[in-house]
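All remarks here apply to the structure that follows.
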Amino acid sequence: MPIDPKLNVVPFISVDHMMKLVLKVGIDTFLTELAAEIEKDFRRWPIFDKKPRVGSHSQDGVIELMPTSDGSLYGFKYVNGHPKNTHQGRQTVTAFGVLSDVGNGYPLLLSEMTILTALRTAATSALAAKYLARPNSKTMAIIGNGAQSEFQARAFRAILGIQKLRLFDIDTSATRKCARNLTGPGFDIVECGSVAEAVEGADVITTVTADKQFATILSDNHVGPGVHINAVGGDCPGKTEISMEVLLRSDIFVEYPPQTWIEGDIQQLPRTHPVTELWQVMTGEKTGRVGDRQITMFDSVGFAIEDFSALRYVRAKITDFEMFTELDLLADPDEPRDLYGMLLRCEKKLEPTAVG
């Protein structure tokens, strides 16, 4: 089914459509293809209009807008982060996004992005690990077994070949949930009783916790030589997971430094501390992993270009699978300068028909 060319119509991907699209494509294929699109955009990083996301912070959480443009397309995401939401039966993170034509300003796509954000976050993490983890990595510890954990596991298996998972969460029901959800894909799963137990023998350590506080999830004694740390949980000022000692021992890689200095684990460090931008590793301008004993860390906070890539990717997919609704979103008067006349014509249609 082609997308309707009518000017009032914007294709809309609902939650139901997104889930069905992911399943029709296949979760592993979706993650692998999405990672490839993210890498394409990272490799043309300099052409993008970039800025730290605009956030409204409160004691309960944060609401943010994440915009970017490559000069032809413009995309933004609305996203929140409210760690206490789960106690009220709500998601910690919800999101939606828009992709628009820069030439005329018209939206080309409106999409749910709660599920899509989980997928793009996991795809980006695994993509970073492809460059930063040891090539023979097979075991990953996941500290924090909430909504993002299964997506991380699937992405690391699809892209890096991770086979064994060591899971820990202070909420044991979350660990049981994660292990149960991942039994089908064929992982070797160990449910652990502590961070120290979870990191034993891990090639990759993923931290993906939700509490909005300065926390030390990963301490110096948890990290041995050669480990790659995938630090995902940091996403706002005042929220950290990694100890200062671990930060100082690691070679740190980030998406967009002006944003990561505000929201990532590196907010604990002086701004003079060296960090490397991930796109520069992909293009060969900077080095990533240089030895088997090197400790690498991806301080991931999420950046708008990843959402831009995700919106581009799903827009290309929806016509193949007919996974969208035509949304009457834009006013389209017969004469572009006669918007008021459009209102009057609607009023006329609503008038009761005279009976002669």
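Along the chain as shown, residues are numbered 1 onward.
Any Cβ shown, glycine's included, is placed from N, Cα and C.
For reference, Swiss-Prot has these:
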type: BINDING; residues: R53, K77, R120, D235, V301; note: L-ornithine binding site
type: BINDING; residues: T92, R120, A147, Q148, D169, T209, V232, G233, G234, D235, K239, S300; note: NAD(+) binding site
type: ACT_SITE; residues: D235; note: active site, proton donor/acceptor
* **Rounded to the nearest Å - Cα separation of K239 (NAD(+) binding site) and R120 (L-ornithine binding site)** => 21
* Asked: Looking only at R53, K77, R120, the binding-site residues on record, which one has the least crowded Cβ, with the fewest other Cβ atoms within 10 Å?
  -> R53
* Which number gives the other C-beta atoms within 10 angstroms of the C-beta of D169 (NAD(+) binding site), all protein chains shown included? -> 23
* Structure fact -> CA pair T92 (NAD(+) binding site) / K77 (L-ornithine binding site), Å rounded to integer, equals 16
* Structure fact -> With the fewest other Cβ atoms within 10 Å, the residue among the binding-site residues A147, V232, V301 is A147
* What's the CA to CA span in angstrom from V301 (L-ornithine binding site) over to G234 (NAD(+) binding site)? -> 6
* What's the most sparsely packed of the binding-site residues T92, G234, K239, counting other C-beta atoms within 10 A? -> T92
* What is the nearest of the binding-site residues R53, K77, R120 to D169 (NAD(+) binding site), using the Cα of each? -> R120
* Structure fact -> One of the binding-site residues R53, K77, R120 has its Cα closest to the Cα of A147 (NAD(+) binding site), namely R120
